[in-house]
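> First the structure, then my questions, so here it is.
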Amino acid sequence: MAQEPFEDGFANGDELSPAEEAAAKEAAESKGVVKFGWVKGVLVRCMLNIWGVMLFIRMSWIVGQAGIGLSCLIVGMATVVTTITGLSTSAIATNGFVRGGGAYYLISRSLGPEFGGSIGLIFAFANAVAVAMYVVGFAETVVELLAGADALMTDEINDVRIIGTITVILLLGISVAGMEWEAKAQIFLLIVLIAAIINYFIGTFIPIKSKEALGYFGYDSAIMWENMGPDFRGETFFSMFSIFFPAATGILAGANISGDLADPQLAIPRGTLLAIVITGIVYLGVAVSTGSCIVRDASGNVNDTLSSEFMANCTDAACKFGFDFSSCKNDAAGCKFGLQNDFQVMSMVSGFGPIISAGIFSATLSSALASLVSAPKVFQALCKDNIYPGLGMFAKGYGKNNEPLKGYILTFIIALAFILIAELNIIAPIISNFFLASYALINFSVFHASLANSPGWRPSFKYYNMWVSLSGAVLCCVVMFVINWWAALLTNVIVLGLFIYVSYKKPDVNWGSSTQALTYHQALTHTLHLSGVEDHVKNFRPQCLVMTGYPNSRPALLDLVYSFTKNVGLMICGHIRTGYRRPNFKDLANDQARYQRWLLKNETKAFYTPVFAEDMRQGAQYLLQAAGLGRLKPNMLVMGFKNDWRDGDMMNVETYISMIHDAFDFQFGAVILRLKEGLDVSHIQGQDELLSSQEKSGMKDVIVSIDTSKDSDADSSKPSSKAISLQNSPAPQKDEEDDGKAPTRPLLKKDKRSPTMPLNVSDQRLLTASQQFQQKQGKGTVDVWWLFDDGGLTLLIPYLLTNKKRWKDCKIRVFIGGKINRIDHDRRAMATLLSKFRIDFSDITVLGDINTKPKKEHVTAFEELVEPYRLKEDDMEQEAAERLKDSEPWRITDNELELYRGQDQPSMPLARKGAVSSALYMAWLEVLSKDLPPILLVRGNHQSVLTFYS
C-alpha cells in the first residue's frame, strides 16, 4: 500500500521493530537530541503540574468550606483515581516502546485509532485550556498583590486578562526556544515551589500576635475540632471536589512528552507513581495544618477582642484566644480574612510571605509551561497518524527536537481565548471532564487488553489488575457526572461523535490494538459455542462456496450471490490454481491478502480462499472438504455455467460435471448461474490495473465509456424460464441507497491519464451484463420453476433476494407442474403452502401441459446437439467400445439415450453418478437454459430449509 512516510522514519500506521527502534534512538542521540531521565523528565514535571494553582490559593478555601475531614476525603478520592490511572498508565507504557504523544499514543495503540483519535483531540484541547487555568491563577495572585499596593491598572477582572495575556506570550517564547530551555526552567521553578511549601509549614509553627486578628492562632485542638466538619456557603461537597480535582490532573505530564524521554518504559511508571505519592501527602498535610491553626472567619480588626463578661457566652474557637468574630456571621462582607474569605491565607501564615507568592508564581507558571508543551506534542502525534486528514499541516516538526511550532501557535490561541474568561472557578470544571475522559479510557484500555487475553499484552510492570482498572474507569465516569453532569454529557457526545467519525473514515492503520484482539477472542469463542449447537431448520442459512476464481473476474456471480447472502449467510470465493510446476505458496498467500482487501474495499462481506491443486476437480474437493470453520462451513456450491463446453476439451466437461457430483456427495446443494453473454471478464484488458490502482490510489471508479441504459438482462418480451429466472424491466435503475454497497469497480481504465480503451462488441456486452446485479432492479419478476421438492432451497433464494433493497420492486411468480383437470386445486394447494411458509408471491401458474411430448423439431435439435458426443457402440466391437468409453468417459451410450428419452427433467436435473455421461448432462442443462434471461439452476441436497412452525 502506498503511504507517505513521515519524518521520523516510519510510515503511517507502521511500527518499527525493536532493532530499528534502537537504531533510531542511537541516531537521535548522535544528532544531539535532548532526552530526559525519569527524575527530570517525569517526576519533576508531574510534581510541578500536580502542585498547581490549587495548592496555594484554593486548598485553604476548600478546607474552610468542606472541613478537614471532607477535605481529606476529597484529596483521598482524587488520589485513588490518579493512582489507579497511574498504575494503568504504567502497565501500557511498559508493554513495548512508547513514542511521542502521551495519553493519545497509549490509548490509540491499545484500543485502536477510533478511541485514540477521539480522546487525543480532546486531551490536546484540555491541555490547551489547562494553560489558561494556570495562567489565570498566576494573574489572580499578581492582581491581589497590586490591589494590596493600590496599583490596579483598571479593575480586577480586566487586570487578570491583561496580565494573563502577557504571561502566556512569555511562556510561548520559552516553549518555542526548545525543550532544553523549558526543562531548565522547570527545575528552577521546582526549587522555588519546594522552598515555598517548606516556608509555609515553618510558618504554621510560629504564632505571631499580629496575625491573630487575621484568624491565625497556631496549632490548637479547639480550632481543629471546629474546622473538622463542613460549613458550606453556597457550595456542595461535589462542587468542592470539581474545583480541587484539576489539581490532581498533572499525572500525565511526564507521559505526554514520552517521545523526549530516554527510557519511557522505566521513567513513566517510576516518576508518575512517586509524584502521586509525594503530592498526595503534601495536599493532606496542607489540609490538616490549615484547618488546625486558622479559623474560618476573621475580621482583621485587632479591636474585635472579647470582654470578660461575654467570655462565658462565646463558643467559637477564637474566643479561647480572646477574639470575638461573631459579627462575621451577620456581616460576611465585612470579614475578609480566615479560611472562608481569604484565598491568600497560606501567604499570611508562612514564615516569609513573598516566598509563598514566589511559590504560587512557580506552581502556576510551571504547570502552564508543562501544559503548553504537552498539548502541541499530543496534537502533533495525532496529526502524524493522519487520523483526521485535514490536520496534516500540524504534523510537521522543526529543529533537531522536531518541535511542533504550528501546534504551539494553535495552543496559544486556545489558551488566550479561555484566559479572557478570567474566572478560575469556571475554567477548572471544564477541563476536569476532558481529563477524566482520558483517564477513564486509559483505565479501560488496560481492562480491555487483559480481557482480550492477547499474547502481545505482557507489560513488564506487574502491579496492575484488570478489575481495579475497570473500577478506575467507572469511577472516572461517575466523577465526571458528579463534577458537572451537563459538561460530562457534552464530553461524552463529543467523544462519541469523534469516535463515529473515525470509525466511518476507517484510517488505514494497523497497531495491533486490543480491540482487534478482543474481536478475535469473541469470534473464536462464539464459533466454538456455535459448534456445540445442533442445526435447526429455522436457523438454516445459505452458506455459499462460490467458484469465482479471482473475485473480480466474475462480477455477476459475485454480486448475485452476495445479494442473497449479505447479512444472512457465509460467502466464500473459492479459487483453484492448477499447474504442474512447483507451486509458489508465498504468491498464493500474497494473493489471498490482496484479494481479501479488494473484497473489503468493495464492501463485499466474503472470504477469498485460494488453493493449489493438480486439476480443477481435486481443487474443488479440497475446498468442499476444508473451506470454512466449525459451523461456518459452506452448504452450497455455486458455479457459473460452462458456456464454451462444446468448444474445448471434453475432459474439462467431465471435470465440471464431476465437481457437481462431488458437491452432492459432500451433502452440498448445487447452484449454477447462466448469463447468455458469459461471466468471466478476466480476459478484458485492465483488470489487473484496476486492482492495483484501487490499492495504491484508493480510486473510487475506473471508467470506460459504456452505455448502461441498454437492456442489460435480455429481451423482456421473451418468456422467462428458470429454476429461478431473473427477469427485469428493460432499464435497471440506479440505486440511490444501493444497500450501502459500493459497485464492484467494474468499469475499466488503466489510469487517470490513459485514454479510454476500445472494447469489441461482445466484450462490451459481457461487461455490461456483468454489472447488471450491481444496480437497482426495476419492476420485474423472479420466476421460480418449482418442479421438484429439493428441501425448499429453490424457494428460499428468491425470497432472500426480494428482501434486499435492490430487488424489492421484483415480485415472485411460481410455476409448478400439474394436471389439466386439477389446475385450480393445485394452485390453491400451492398458495396455501406458500402462505404457511410466509413467502409473498404475485402469481402461481400451474403447467398443465408439462407432460406433453416435445415438438419434433426440438427433438431433432437435441439429437443434433448430442450427435458429436455419442459412443455409437453398435457400430464397433464391444471391447473397442469399452476402451473408448474408458478413455473418453463423457461419451453418450445408446442405452442412455434410450433410457432417458421422453423423461421429464425437473428444474435442475440430478444425474445418477456413473449412469449419465457428462456430455448428456451438459446437453440437458444447455437445452434447459439456452437463450433465456439470467437463470439460476438450483438443486438442494434434500435438507429441509423451510418450516411452517415458529
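Cβ coordinates are placed from backbone N, Cα and C, and glycine is handled just like the others.
The annotation domain 'Amino acid permease/ SLC12A' is assigned in TrEMBL to 41-545. Taken from TrEMBL, the feature transmembrane segment applies to 42-61, 73-98, 118-139, 160-179, 185-206, 237-255, 267-286, 408-428, 434-451, 463-481. The domain 'SLC12A transporter C-terminal' annotation in TrEMBL covers 554-901, 907-950. What TrEMBL records for 708-759 is region 'Disordered'.
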> Residues sitting near the transmembrane segment (237-255): Cβ under 8 Å, six or more positions beyond its termini, same chain?
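Those are 41-43, 45-55, 58-59, 62, 65-66, 70-71, 74-75, 77-79, 81-82, 85-86, 89, 93, 98, 102-103, 106, 130, 133, 230, 261, 264, 267-268, 271-272, 275-276, 279, 283, 367, 370-371, 374, 425, 428-429, 431-432, 435-436, 438, 479, 482-484, in sequence order.
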> The transmembrane segment (185-206): which same-chain residues, six or more beyond its ends, come within Cβ distance under 8 Å?
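Residues 40, 44-45, 47-48, 51, 55-56, 174, 218-219, 282, 285-286, 289, 293, 346, 349-352, 355-356, 358-363, 365-366, 369-370.
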> Assess whether the transmembrane segment (160-179) lies in contact with the transmembrane segment (267-286), where contact requires at least three Cβ pairs under 8 Å among residues 6 or more apart in sequence.
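The transmembrane segment (267-286) and the transmembrane segment (160-179): touching, no.
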> Cβ under 8 Å, sequence separation of at least 6 from the ends of the transmembrane segment (434-451): give me the contacting residues as numbers and ranges.
81-82, 84-85, 88-89, 91-92, 95, 103, 106-107, 110-111, 115, 119, 122-123, 125-126, 129, 245-246, 249, 252, 457, 464, 466-467, 469-470, 472-473, 476-477, 479-480, 483, 491-492, 495, 514-515, 517-518, 521
> If you count Cβ pairs under 8 Å, which stretch among 42-61, 73-98, 267-286, 408-428, 463-481 touches the transmembrane segment (118-139) the most?
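The stretch with the most contacts is 408-428.
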> Are the transmembrane segment (408-428) and the transmembrane segment (73-98) near each other by the rule of at least 3 C-beta pairs under 8 angstroms (pairs 6 or more apart)?
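In this chain the transmembrane segment (73-98) does not contact the transmembrane segment (408-428) - fewer than 3 Cβ pairs sit under 8 Å.
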